[in-house]
Amino acid sequence: MELALATLGNQPLIAAVEVGKHLTWQLGPLSVHGQTMITTWVVMLLLIGLTFIGTRKLQRVPSGLQNFLEYAYDLLASIARNQIGEKQYRSWVPLIGTIFLFVLFANWLGQLPLRLFHIPEGELASPTNDINTTVALSLIALVSYIYAGLRKSGFGYFKHYFESPILAAVWVLEFFTRPLSLSIRLFGNILAEELVVAVLILLVPILVPVPLMILFLLTGAIQALVFSTLTASYVGEAVEDHDDHH
């Protein structure tokens, strides 16, 4: 789909927003979206760089980037503790934190003027603008909470789900709807935000889109918080019978 803004009559096209067009890379039998891979690498490099710089010279009294990283860790640890429980949360902080920070930076990256960088097909955008990215993140969440249940209870984790046909049906339904809702919620919100900003820039390129871009930075952070909190919540449910927190 292509949205375009042109002058009246036979004047040339002055701007366009492309949706659904992808730069395709062929990796053996697999076809991948090249622009998503590029922006995903950018996000990973940013996270690795910030972590390296922030922890290179640790101080007893933190300041600057170290202070920010410690605050972020405390926030993410509190999310994991509240959702998973005091006894189990520590081993899950790295996963919850990685998901939060990746989704946060991926969402924020989409608010930068990436369309200024031309590629042969499609355009650069947030990695979470691609349904493949959000599905992959959702599958990580799914595998994580199933692993958490198996680690605590073995195959007995599945036992109480099949005590009755109704519980079994509910569990099977949740098995599919949880990752589906996680992926579609994140993908839909980020795609809509970037489209709104892109169209406004086409229509009113000066000043007007700025407040919305600031708002979308906030909503991008909220989406990252929701995704990571729900992941922690699912893990907490998987271990709840073994934790006094529940």
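Using the three backbone atoms N, Cα and C, a Cβ is placed for every residue, glycine included.
Swiss-Prot has this to say about the protein:
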TRANSMEM  34-54  transmembrane segment
TRANSMEM  92-112  transmembrane segment
TRANSMEM  130-150  transmembrane segment
TRANSMEM  155-175  transmembrane segment
TRANSMEM  196-216  transmembrane segment
Inset, instruction - State the residues, same chain only, that lie 6 or more residues beyond the ends of the transmembrane segment (130-150) and have a CB under 8 A from a CB inside it; answer 'none' if no residue qualifies. - result: 33, 36, 40, 92, 95, 99, 102-103, 106, 157-158, 175, 178-180, 182-184, 186-187, 227, 230-231, 234-235, 237-239
Legend entry - Contacting positions for the transmembrane segment (34-54) when only residues 6+ beyond its ends and CB under 8 Å are counted: 22-25, 64-66, 68-69, 101-102, 105-106, 109, 114, 119, 122-127, 129-130, 132-133
